[in-house]
């Protein structure tokens, strides 16, 4: 007779009680998951999260209370979970998962840096349970080296971006104005970024105009506005952040400057400058009276947004003064003055360019799946953290499924694991939960293939070593501390992760090191135990605002498995003794990693990738056990939504 401990077989319960778990991310899913783990029988848990508790977390991250606002999520989550199971051994870290020490001994991991966790799991040959939620949608999948797709096997949807000249010169959609207003916040009060300039772009290729003639024709104010092409923040400081002077510069003088670029307006409706004094003199008494309804849902008139702009600038200026000389403000979605500033600035710019204005409620709620979601895709420090309303029930369902998949792995039943989609509406079989058979690894994956290799198209005469390191290796390929060697027969070191060793190379161009069309680079990241071969494809001109393009992996980069062990010098990600994919089904050999990720990196979760994949999967009916060749269809909007984890949580099980 089977002996039970609670609802589990005694053998499995014993495994759970001795397993070590690392939870990376104590957000919406993480809170539910921590509770589930201790109530299921896990005793040794470590939780890591670099975030602190915010008021906006309290509606769904139930381990936290109002008194905890401002405290470490990991520490408070530990204290709260111990009330469910005082005998549990829980350690909390207010730290970053990017420190690889956390992967050396744990059985379960929950993390926010998905690509990094994916690679660490591959290196350690630890199964990973990845998950995400977005509103009513959710997804859980198991990733196992050599048996399933890794997190990076399927390309993620490209971030929505807009040319700088469109943002600065010719906005045609509300999203363009929102982006411009967010850039403006940073230029005035935050950390300046040359790529987020808001002044008119004189390098716009559409504006083939004579600068001298335009300067003579420009009628910009020489008093309040006086547009001199200097730093926006420097100019604002010189006016002591006078809101009226800022208004006339941004919405009058800069617009009049744009009007001198004749060619831009031959096929477009020209913008209409706003003048503070004229608006103040012509304001109607009715417009000063607040409308009915909630404040955030009111669409103000032009003068109403002028006053909102003035009030928000004054408030932000005081916040800046309180922080002291040289201080900067950091964008906070829960800071009303910051939100008021962006709302007012975006609406005024929309009016200038003949677009209908929106209420603050429209920005933050009604348009989350359109303008607002695109905005977050574009800007790393997003206007708001939660693009799609977070639903606690969705997090609870997904956290429960994570534990169920983890139990399968620890029972040695990895082959029965599934990718499970939680849909908003039942499918044709009247199921909300749809399990799909796991896909095998992609032979073209630049992470988990036996010899990862890609081809990058760039201009070797214009691409610097620093751009290669930061924009290509770190941003595009997710490396943390890359070392790069040129395969030129000499072993020339181009980039070293050791501080100071190759800093002198940063400003030099790739061709200065003999790199040309057909050159090969070997990039190693020892923190991730990851090696990538890069084929350089030189091209003189790319599309505008495009620095490089990944054109795909090199042919024959992933040869079929061989019976004989490869040479010691062969390039294989992971430990040498685990170079061949592990297919062991023994419970004691299995580690499960659960990643609970933030939509940080503007990153898409694998749920979206799976939902939009062109590869057909079989999914099984949970009740009948039948397997179908057809997959549930998700419309594009749902797929995009599922790509974002509102709750800053990714879940990985070891």
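Easy rule for this one: first residue shown is 1, then count along the chain.
Placement of Cβ uses the backbone N, Cα and C atoms for every residue, glycine included.
Record features (TrEMBL):
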type     : residues                                               : note
DOMAIN   : 10-423                                                 : domain 'THIF-type NAD/FAD binding fold'
BINDING  : 25, 26, 27, 28, 29, 30, 49, 57, 58, 59, 60, 73, 96, 97 : ATP binding site
BINDING  : 150, 153, 445, 448                                     : Zn(2+) binding site
CROSSLNK : 156                                                    : SUMO1 cross-link
CROSSLNK : 182                                                    : SUMO cross-link
CROSSLNK : 228                                                    : SUMO1 cross-link
CROSSLNK : 249                                                    : SUMO cross-link
CROSSLNK : 424                                                    : SUMO1 cross-link
DOMAIN   : 553-648                                                : domain 'SUMO-activating enzyme subunit 2 C-terminal'
COMPBIAS : 563-585                                                : compositional bias 'Polar residues'
CROSSLNK : 630                                                    : SUMO cross-link
Just to verify: the residue among 58, 445, 448 with the fewest other Cβ atoms within 10 Å, which of the binding-site residues is it? 58
Those binding-site residues listed as 29, 150, 153, and which of them has the most Cβ atoms within 10 Å of its own Cβ: 29
Which residues, same chain and not among 150, 153, 445, 448, have a CB within 8 angstroms of the centroid of the CB atoms at the recorded Zn(2+) site? 122, 149, 151, 152, 441, 442, 447, 449
Express the distance between the Cα positions of residue 150 (Zn(2+) binding site) and residue 182 (SUMO cross-link) as a whole number of Å. 35
Cβ packing number for residue 424 (SUMO1 cross-link), 10 Å threshold: 15
Pairwise Cα distance for residue 58 (ATP binding site)/residue 156 (SUMO1 cross-link) [Å, integer]: 30
Residue 448 (Zn(2+) binding site) and residue 25 (ATP binding site), Cα-Cα, nearest whole angstrom: 24
Near the Cβ of residue 25 (ATP binding site), how many other Cβ atoms are there if near means within 10 Å? 36
Which one is it, among the recorded positions 29, 49, 249, 448, that lies nearest to residue 156 (SUMO1 cross-link) by Cα separation? 448
With the fewest other Cβ atoms within 10 Å, the residue among the recorded positions 60, 156, 182, 249 is 156
What is the total of other Cβ atoms whose distance to the Cβ of residue 49 (ATP binding site) is within 10 Å? 31
The record names 25, 26, 27, 28, 29, 30, 49, 57, 58, 59, 60, 73, 96, 97 as the residues that bind ATP; what is their largest Cα to Cα distance in Å? 26
Pick from 27, 96: which of these binding-site residues has the biggest number of other Cβ atoms within 10 Å of its Cβ? 27
Given the model, what does the mean pLDDT over the domain 'THIF-type NAD/FAD binding fold' (10-423) come out as? 79
